[in-house]
Amino acid sequence: MTMIFGVPMAVFMGQLTLGLVNGAFYALLSLGLAVIFGLLKIVNFAHGAQYMLGAFAALLGFRYLGINYWLALLLVPLVVGAFGVLLERFLLRRIAHLDHLYGLLLTFGLALIFEGTLVNFFGVSGARYATPEILQGGLNLGFMFLPTYRAWVLVAALAMCLFTWFMIERTRLGAYLRAGTENSQLMQAFGVNVPLLITLTYGFGVGLAAFAGVLAAPLYPVSPTMGSSLLIVVFAVVVIGGMGSILGAIITGLSMGIIEGLTKVYYPEASNTVIFLVMILVLMLRPVGLFGKEA
Amino acid sequence: MTFMKKTLAASIAIAAASSLAMSTAQADMSDGEVRIGYLADMSGTYRDLAGPGGLTAMEMAVADFGGSVNGASIVISSADDRNSADVGANTVRGWIDQDNVDMVGGLVASSVSIAVTKVLEENNGLGIVSGSAASSITNEHCTPNHIHWVYDTYPLANGTAKAVVEQGGDSWFMLTADYAFGHALEADVTKVVEESGGEIVGGVRHPFPTNDFSSYILQAQGSGAKIIGLANAGADTVNAITTASQFGLTQSGQQLAGLLIFLNDVHALGLEATQNLLLTTGWYWDMDEQSREWAQRYFDEVGRMPTMVQAGIYSSTMHYLKAVEAAGTDDPETVRAQMAEMPIEDFFARNGSIREDGRMIHDMYLAQVKTPDESTGEWDLYEILSTIPAEEAYRPLSESQCKLVQN
């Protein structure tokens, strides 16, 4: 059998594939964070909780309203995103003129409230959300058995990442947004409603987190704490990629998933820390992040 | 006026007399109150196996006891250790220094319990560990200041691993949580598997807690072992079992052995994913009339059936209070000795007694998770297959490394 660094080729390829799937999650989540930070300068610590809310909305929607997975994938990001719009309009906007730290504290507090409330009602053991029938089973890739659902997650997450990148970097709406954050007074003088744009952007970022939550629901036990441990990793990804860089978040998310996946083979004890080691290295050598622009 | 004076004098005399009587009764209760601290993970991975439910169980015990011991009222305070040894140790230090807490109960994550019992030893306190699994808590980490109540990794390995090897599962791959509890369980399982004629062919130690188990499940699949032993607990176990079913682990002929599975885990995973799983438990709510009766009372309060840990918290608190009453003091050393003198026989523990190393030994049970067809209700989850007698279940004192045991 061909060996790569002392590990059979098949195992290596398998871990690479799984790393890519996890990386797609990181990419999707860090993308939302990067959009919100890049355009609104808000450090959204509620992102993990909003991801969790997405998974919960899918679960409860199915349990009480009979909403199936595909409908949830469409509706949940809209509903949770609308909730995000309310948060921005009534809370975040009031502190927009203050230091970033206040936004961080506010969103962190909100995250604790969302989590605590749900823990109170649902506990932490987690509930199961059934995989949609058409995505059950697995694909034999020769070197591994890949559950179909994970393959779907990879495709769906990447498609959503590309869509977001295209919207922001290649459309007129995206151009307005970017210009609005550069110089909002000038944009308003041109008749563009900048506050509305900002509110909608926050809603969109939150919707992205909820979308990732729905994707995650059939994979992991749906529990109120599912977002909090992920959040820190995702922040590290954003820092490595460069705060606010859209493409940076996507590429870094994928590559960190792979690095973490390989660590799980060679030295599993370090798999929770390896991303932070990379973060420290990047901060030392290139403080603006791999894809960040020098100020 | 004289009438007024007399009444006044009389009431002062009565007040003085009664306070005198009070102080004689409470002479040996430090500060006239018995203070119990409940320390557990109230919000994280291990919340559902002890957490707020365990606090309710403790409150039930205090209420059933009458709310006071020898005239001294019983006060409970509680704190969330957030599964951090530092937070736990500091909380208990504060409890002892500032709040005169007499006994610390709950105690879930093994790493927290080991740190807390060190603090208790330094400050001559008393702890009853109910939630932790590591058998090292009454082995190399034993102190004269704590008792380990519900279960530990030794009977888990001894019950489940032995039964699995006897059924033909003789090659194992261990999936171990990388901290005190996981290491202790892994060591105990390895010993039992090898002694029963099986072999450990590989393993991986994953960080605690872990979000995604897919990589480890893939490694387990590649190992070719017949049995994948899960030396982890709580959400990690639930997560690992869910992922294993997604990767078709059992369809490809491998089997999972959950070494520490709580009732709430099986409830969360559902019978479809867990059916036929073998496990060792210290107690099950539906094992007999006495247990059902208490469990029903708990259910009425909490809305969920109790885990063995929650039942054990009630049992240990009750035993502690009885010992305080019998000893007439809340002095830790005296109470600990009194507790060891009295046998434990209640709805939770059968043939229970406390050994010199602080281990409370009692009958343990080998159970199997029911199939969806066998189950008649939401909480009808286990079938008890056999009883492991107290004397056989736990690590024999002759093998003990505890400094309190003369070998």
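A Cβ is built for glycine as well, from the same backbone N, Cα and C atoms used for every other residue.
Just so you know, TrEMBL annotations are computer predictions that nobody has curated.
Sequence annotations record features per position, and here TrEMBL assigns transmembrane segment to A:20-40, A:71-92, A:104-129, A:149-168, A:189-217, A:229-254, A:266-285.
Within the same chain, residues 18, 20-21, 24-25, 27-28, 31, 35, 73, 131-132, 135-136, 139, 174, 177-178, 208, 211-212, 215, 218-219, 246-247, 250 sit at least 6 positions outside the transmembrane segment (A:149-168) and bring their C-beta atoms closer than 8 Å to a C-beta of that stretch. Sequence-distant neighbours of the transmembrane segment (A:20-40) (same chain, 6+ residues past either end, Cβ-Cβ under 8 Å): 47, 51, 92, 96, 150-151, 153-154, 157-158, 160-161, 164-165, 168, 177-178, 180-181, 198, 201-202, 204-206, 208-209, 211-212, 215-216, 230, 233-235, 237-238, 241, 243-246, 248-258, 260-261. Beyond the ends of the transmembrane segment (A:71-92), by six or more residues, the same chain brings 40, 42, 46, 50, 53-54, 57-58, 61-62, 103, 106-107, 110, 156, 198-200, 202-211, 213-215, 217 to within a C-beta distance below 8 angstroms of the stretch.
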